[in-house]
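Working notes, structure below.
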There are 2 protein chains.
Amino acid sequence: MAKDFYGELQLGILGGGQLGRMLIQEAINYNVNVHVLDPDKNAPCRKLCNRFETGSLSDFETVYNFGKDLDMITIEIEKVNVDALEKLEEEGVMVYPQSRVIRLIQDKGLQKQFFKQNGIPTAAFQLISNKENLHDTHISLPYIQKLRKDGYDGKGVRKINDVAAIATAFEEPSLVEELVDFEKEIAVIVARNDKGQVSTFPLVEMEFNPEANLVEFLISPSTLSFEIQTQAEEIAKKIADDLQIVGLLAVEMFLTKDGQILVNELAPRPHNSGHQTIEGNITSQFAQHLRAIFNLPLGSTAVRTNAVMINLLGEPNYEGMAKYDGVEEALGIEGVFVHLYGKKYTKPFRKMGHVCIVNDDRDEAIKNARFIQEILKVKA
Amino acid sequence: MAKDFYGELQLGILGGGQLGRMLIQEAINYNVNVHVLDPDKNAPCRKLCNRFETGSLSDFETVYNFGKDLDMITIEIEKVNVDALEKLEEEGVMVYPQSRVIRLIQDKGLQKQFFKQNGIPTAAFQLISNKENLHDTHISLPYIQKLRKDGYDGKGVRKINDVAAIATAFEEPSLVEELVDFEKEIAVIVARNDKGQVSTFPLVEMEFNPEANLVEFLISPSTLSFEIQTQAEEIAKKIADDLQIVGLLAVEMFLTKDGQILVNELAPRPHNSGHQTIEGNITSQFAQHLRAIFNLPLGSTAVRTNAVMINLLGEPNYEGMAKYDGVEEALGIEGVFVHLYGKKYTKPFRKMGHVCIVNDDRDEAIKNARFIQEILKVKA
């Protein structure tokens, strides 16, 4: 990097939520000047950066004007105006991950085609232009229908059980996917810098909240076999190489009951499945993302100890000014790290924070995490 | 604490330097609203808080007005207007550490008298009103003369070798202290919350830069005997209890060549001798300070791995806009954490950042730290 960036670099982050917030906590160590754009004037990053701008991430002019005087732009959410990023790239602003990578990942149809073209294992699928097409798909019922664009955290995903259910299916461009009979949801976060150095974090296993379809519980390191872990990491590395991405890439996968790994989807940024790296690994995912986009040597991803991550989701039936029950009791347990996201208002299943529980004894870490899940509640 | 403070508490920090900066990095996890007062408009905290105010820390009106609408005030430097803090305390603002503790520690004479009154081992001393008194002191030459107020980082300390040197001694109120023939400088950081819970971090050994009299190199954990470590920790706990301090207290001590521990001086705040706790211990000193002032259970101070801390001091002979040489090479070594302090200008021996090097092999950690000391330079 030509510019001496420790203190001079102007870094823009599209999105000012918790991922941006934790990225800033780390960016402080590098003297980076951080600029944030977010539509919400109360976004978690609002008071932690050199400049906070309120505006739409989908609007061409807003994103272009936000970025045109910056040196580098990164994202904490992939639903952003890619045309603006492409123009900024042409004008010399460094955009990591690159606009073409964001464009591809924004569209779950393009993602699936990319997997197919590059021989990356994934569930059988078919692209669908409109609801009527569903009657002709070769994917057999029941199947999953996913909107090609704008789905996140389980939104934009529907299970179609039978022909009658097609009436309630999404109208917009979508894809249908074979139902995967999976044993576990697993994830590997991989980083790649512009020199082409690629490094994966060890595989993690996730448990989802069935009601909200959000990661609720995550254990690192995994106890899956060495073969499975290696295979998942190799897949993640291959995707990073095939994409030639610069930055972090979260690769969410299914481990099927017959031991197959199928890639589910990608996120080109820090990810909920990597929060435990802050305390559990030598390098955190946020530090690694910065190393990758700054073209620095990638850090060691080695596990330091057992870490369990639980999301603090807004309790069902509570909406309003957030109150946190049980923080004091949770902090009385050894190895407990509470991360609150600075969100003033809670609503059911809103991600309000997370807790990382570390322990040299894995069972103890899990036991403590289960206990904290019971006592720590976000209410209003 | 009556107030539900996650998101509502308005916390003021007197001082906006690197200690405040690292405290903010941690306070983000608790949704605290941070207000900072510092005389330097370019202070390291300026862009990381809800409100940054430029003003004198020694001025009554400035400190009082800064604090009067806040819920709680803490400090990152002890040279502040204590009368203003006392008035704020009377008006119901929580001030941690308490104004009376800051008042005592601001004056090295009062500190020494406190040690004597409470049976805390310290070098023999005598209070001195003016230079003339030096001719009558019962402390034998050569001795150390220290200004009672406003000394820091080796400033305000002078060695008086012989009677002739008295001519060049400090004029202001001071103390003279027996010269200690020490083997090592050691430190214990202790925390105490308002419930009276007290917890020490394991002892650390420091090496000082002889030219600048600043901590340059620190190794955790110590390899000193269990007896010495326990004794030092007990002394630190006793001081915290005797002072009834709320917050963090750094206790700097000498280990003499004949194995005695003598307390040198106190700092009622996060301290340079605790930076390695960020990566090296379960709870960092910054997290512990917040737990203490928020009256939360104190965190485990257990060592996670060997950690060496080196200060990044401005190179001699360079003054101006800071440039950092060797960061990329340093980050290529496993277990290296660089913390830059966001200071635009460097000057000889200015604290510009620090690096923490962790490794499960102690010798390897030391070797890597020595290497980084050679390659990582702050120039202009």
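Backbone N, Cα and C define each Cβ position, glycine as well.
Please treat TrEMBL annotations as automatic predictions, because they have not gone through curation.
Marked as ATP binding site by TrEMBL: A:Lys108, A:Lys146, A:Glu177, A:Glu178, A:Leu179, A:Val180, A:Glu185, A:Asn264, A:Glu265. In the three-state DSSP classification, A:Glu185 (ATP binding site) falls within a strand. Non-local contacts of A:Glu185 (ATP binding site) by the CB criterion (under 8 A, 6+ apart in sequence, same chain) comprise A:Glu205, A:Met206, A:Glu207, A:Phe208, A:Glu252, A:Met253, A:Phe254, A:Leu255, A:Asn264.
According to TrEMBL, the feature domain 'ATP-grasp' maps to A:112-295.
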The number of other Cβ atoms within 10 Å of the Cβ of A:Lys108 (ATP binding site), counted over all protein chains shown, is 25
Sort out for me which one of A:Glu177, A:Glu265 has the most neighbouring CB atoms within 10 A, since those are the binding-site residues we care about. A:Glu177
Row A:Leu179 (ATP binding site), column other C-beta within 10 angstroms, all chains, value 16
